[in-house]
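J.: Next up is a structure, given as structure tokens.
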Amino acid sequence: MNALAATNRNFRHAAKILGLDTKLEKSLLIPFREIKVECTIPKDDGSLVSFVGFRIQHDNARGPMKGGIRYHPEVDPDEVNALAQLMTWKTAVVDIPYGGAKGGIGCTPRELSKSELERLTRVFTQKIHDLIGIHTDVPAPDMGTNAQTMAWILDEYSKFHGHSPAVVTGKPIDLGGSLGREAATGRGVVFASEALLAEYGKSVKGLTFVIQGFGNVGSWAARLIHERGGKVIAVSDITGAVKNPKGIDIPELLKHKETTNSLKNFPGGDAMDPNELLVHECDVLMPSALGGVLNRENAADVKAKFIIEAANHPTDPEADEILSKKGVIILPDIYANAGGVTVSYFEWVQNIQGFMWDEDKVNGELQRYMTKAFHNIKSMCKSNDCNLRMGAFTLGVNRVARATLLRGWEA
């Protein structure tokens, strides 16, 4: 089941639990605006090449729309639609005053030079500058884009609208980026895990963790779990997988990955089959890479007691059912990985005020937001007698529906 079908299914289920009016339900699913633009740039050799860029703005009932821009050859409108919708519910779950958006350009970034990427980003910005803005739609980095991409968007946008650091988040620190943004998603995942484990009288210290994906999110989560006395016993990424039942020395693994660009041949652990990783014996499993990795083929063999969804949509709806029947507790992605957008919100707030915070304040506020959101989800679970995923979805959908009704959507 693809991301859009799964998201729609979760939304419909939540709408049913909440008893939403069918007309309102339909209205909440339809995106506010879909933008599609042609971006033609001269390549370094002088030849012209065209790309298609787009932005889907899903909902703005609770505030400006917010979401990433990805540069990827398969930027598929359906997927972007699902991700824009997911951002609407995600921002509502952690109660930050945003709606959802998502966008991208269909291109292969590694086949373009830096100057070609800059030209492409600037042309894209020229085409959409009057449809994004500090109080309209605030882009951020995603797959294939980074802080430099945001710097180019900021510069190009500012040519039309004056200096506007708050128009994008995930910027370089020197241009108004926030301290703590780099680690935010991984740190948020750890705060979310702590809130969940506390509910069961447990803490990170002494538990065993398996982490799939060692990119930005997975590596930060691993580092912070290690610091808190948790045992990370297996880690994998695209290059391979490593296990050590006594616990991997994460700072050493990070050094090894830094120098070799790979998890292979790490002296502090044994190589393992990456496919075995998801069904490895552990207390907590953290899929932090791709969607759809837990499915009906492997769900029955999962041995973890808790699954923390650091990636977007790692668990298929079919796997969801199998795991629930087994009594596995799943902390859903729309809450677990919301640390990134929460700190993006802090960056935007700092830019608007023209007053920057120190890193301790950023991390302290992030912990407060993540912990509060967890307790709000739990109370939705109690009042609607549902699991954590539906607790989070009903919380998010209900907040957006209430804002929509208060604003008078039929007028």
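Sequential numbering from 1, following the chain as shown.
In case you wondered, yes, glycine gets a Cβ from its N, Cα and C as well.
No curator has checked TrEMBL annotations; they are predicted automatically.
Taken from TrEMBL, the feature active site, proton donor applies to Lys102. Residues or ranges marked as substrate binding site by TrEMBL: Lys66, Lys90, Ser344. Residues or ranges marked as NAD(+) binding site in TrEMBL: Thr185, Asn216. Annotation source TrEMBL lists site 'Important for catalysis' at Asp142.
Show me how these features fit into the shown structure, please.
T.: Sequence-distant contacts (6 or more apart, same chain, Cβ under 8 Å) of Ser344 (substrate binding site) comprise Lys66, Val138, Ala140, Thr169, Gly170, Ser178, Arg181, Ala184.
Counting every protein chain shown, 21 other Cβ atoms lie within 10 Å of the Cβ of Asp142 (site 'Important for catalysis').
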J.: Using a Cβ cut-off under 8 Å and a sequence separation of 6 or more, which residues in the same chain sit near Lys102 (active site, proton donor)?
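T.: Looking at Cβ-Cβ distances below 8 Å from Lys102 (active site, proton donor), excluding near sequence neighbours, one finds Arg55, Ile56, His58, Gly67, Gly68, Ile69, Arg70, Val80, Asn81, Leu83, Ala84, Met87, Asp142.
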J.: Taking just the CA atoms, what is the gap between Asn216 (NAD(+) binding site) and Lys90 (substrate binding site) in Å?
T.: 20
J.: Express in Å, rounded to the nearest integer, the largest CA to CA distance found among the substrate-binding residues Lys66, Lys90, Ser344 named in the record.
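T.: Value for the max Cα separation, rounded to a whole number: 13 Å.
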J.: Between Thr185 (NAD(+) binding site) and Lys90 (substrate binding site), what is the CA-CA distance rounded to a whole number of Å?
T.: 13
